[in-house]
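A short write-up of the structure that comes next.
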Amino acid sequence: SRAIKTNQDLLPETPWIHIFYNDFWGTLLTHSGSHKSYRPLCTLSFRINHAVGGMDPWGYHLVNVLLHAAVTGLFTNFSRILFGDGYWTLIAGLLFASHPIHTEAVAGIVGRADIGACLFFLLSLMCYVKHCSTRGSSPSTWGWILGAGLCAGCSMLWKEQGVTVLAISAVYDVFVFHRLKMHQIISALYKRTNLTLFFSIGLLTSWGTALLGVRLYWMGNKPPSFSNSDNPAADSDSFLTRTLTFFYLPTKNLWLLLCPDTLSFDWSMDAVPLLKAVSDWRNLHTVAFYAGLLLLAYFSLKGSSNERECNGRTVMNGKQNANGHSCHSEMEYKTLEVKSSFASKEENGIKKHEIKKLQLPSTENIVILSLSLLIVPFVPATNLFFYVGFVIAERVLYVPSMGFCLLVTVGVRALYVKAQKRFLKNLVFCSTAALIIFYGLKTVVRNGDWQNEEMLYRSGIKVNPAKAWGNLGNVLKSQSKISEAESAYRNALYYRSNMADMLYNLGLLLQENSRFSEALHYYKLAIGSRPTLASAYLNTGIILMNQGKTEEARRTFVKCSEIPDENLKDPHAHKSSVTSCLYNLGKLFHEQGQYEDALMVYKEAIQKMPRQFAPQSLYNMMGEAYMRMSRLPEAEHWYVESLRSKSDHIPAHLTYGKLLALTGRKSEAEKYFMKAIQLDPTKGNCYMHYGMFHLD
């Protein structure tokens, strides 16, 4: 809703340049309540969608699916650089295309930020690959690195994690293109032949630092602030709880990539219970995860400094042999020594003479790159450098899933090569095919959950019951299923009793069904849970005013009008509620005959009124106040303003008609009374005013 439906940056009357000053939700980036999610290119794509098809969701979904298809094609093309033309490239592409973790990013419109970032992430990486292959032999090489830098910047403008592609490019250059091992990096610093390598790495580092510096400056040099429910671990007072939980969360994310059986639209609040003690059994998962990760990284980075033999020729430090292709690990290419090309064909799906034309990286090199692609883009979501506004977000795994798919593919290839018997080779191949099929089936099933809001929220009850029941209540209420909606709200409050939004929504439901005393009770609870919830003050004041408790209502409206919008998630909605409070306070003064006070309050409301607020009723009441004070020119001005802001506003037609009749413009007045009747022929009030006009 906030990213598209109520985002003023999508409207044609809003200058497009505002997109570059506001966050993803349309709030000024430097505002204290801003999420600091600076994604102008994604917002711009939404604006184009809005210009072409308005609020029809079909066009938005089409763009998301096309972007995912483009990303899948680019990823498969990148995999070819690592695996060559053959089955393994196809497997990597199919794993990425079918993975269920992508459903939120593709089926959920706001997930476009992750898909767009990934698209330019891959474009940047492919440009850098071209730079590496042409470095030292073609002047166009610097054009490729310029393209890599520009695409990295665009990726960051789609979503923040896009800037990490620069680090992945450096890893590719060092460990894949130059095939250096960890112990070789220091010695490589002293070799003149590697000057171009370190110059390229220096350019990547400088550009990355510049992008991050500008990004930090543009958002006001302040990190965002989030509520306790968004990220409970970040709000915990215990250092041990924060540490254990933050170390465990990457483990949970990896499990979602491995076995995406349980998925949810929202993992905030208590969806992942905090780890409060060392004795928590989930710490075993954490230890196993980091131990496995470190071992995998260690054996991939290790490597002997001695000379080793490849295809019967001696090579040193991974340099190319005389046949024109690089040395590969013993496990991977030991079968190349056999007479036929069968083993070579098994491994990469190509003939023996073709492999000589390629310079495919070794298994160890691919593992290093895969781990980097899995870990580095995920680092911004780890709470390591700053706290984030979520516990787990499936869409955030869209880019890291590329590393996961490469890791699975290279692991399967290693098993396939290692297997000696045809039965075992077939077993590995069939198991991989089954995994792809199961992933695809799960994606289809998960897409069913994203068909509509009700199905989506029902699917999340098991993971996050408080949030899911609360959102489901809103959907049921919109379907006029009042009793079911009330039950859903109460279920949400059963799991988390201090949710101000749910307390307010339940109060609103009760108010709309004339259960005013119960509604007041829940509004007060909502205010107690969140003292800055202006809409709760507004509705409390309206109920009190209708009950004749004018002094209590006045105090409530005044208190609401004094609440600042600092550190609020949605300052636009807050300002709308404050404006409505001032409008109702003015009406209260108006009904008591205090027209000067009413005018002062109305003028304050106009000053505080946000751009999206519908002002026709406020302008009409301004005209009414001036009318009662016999200041007819001012009254006419505000009646005209009311009709200008909403040409079918019936009260303004009636009040303006009365003013025209009073000033002797009877034929003109009659037109406004007749227009009011035409706008709503069932409204008795219009006939009454028209009858009084004739009586006069």
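The backbone N, Cα and C atoms fix where each Cβ goes, glycine too.
Nobody curates TrEMBL annotations by hand; they come from automatic prediction.
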- Task: Among 58-75, 166-183, find the range that TrEMBL records as transmembrane segment.
- Result: 58-75
- In the domain 'DUF1736' (221-293), how many residues does DSSP call helix, how many strand, and how many coil? 32 helix, 0 strand, 41 coil
- Query: If you count Cβ pairs under 8 Å, which stretch among 109-129, 366-390, 423-441 touches the transmembrane segment (396-416) the most?
  - Reply: 366-390
- Query: Counting only residues 6+ away from its ends, which parts of the chain sit with a Cβ under 8 Å from the transmembrane segment (109-129)?
  - Reply: 3-4, 24, 39, 41-42, 45-46, 57, 60-61, 63-64, 67-68, 70-71, 74-75, 77-78, 81, 144-145, 147-152, 154-156, 158-159, 161-162, 164-166, 168-169, 172-173, 177, 204, 377, 395-396, 398-399, 402
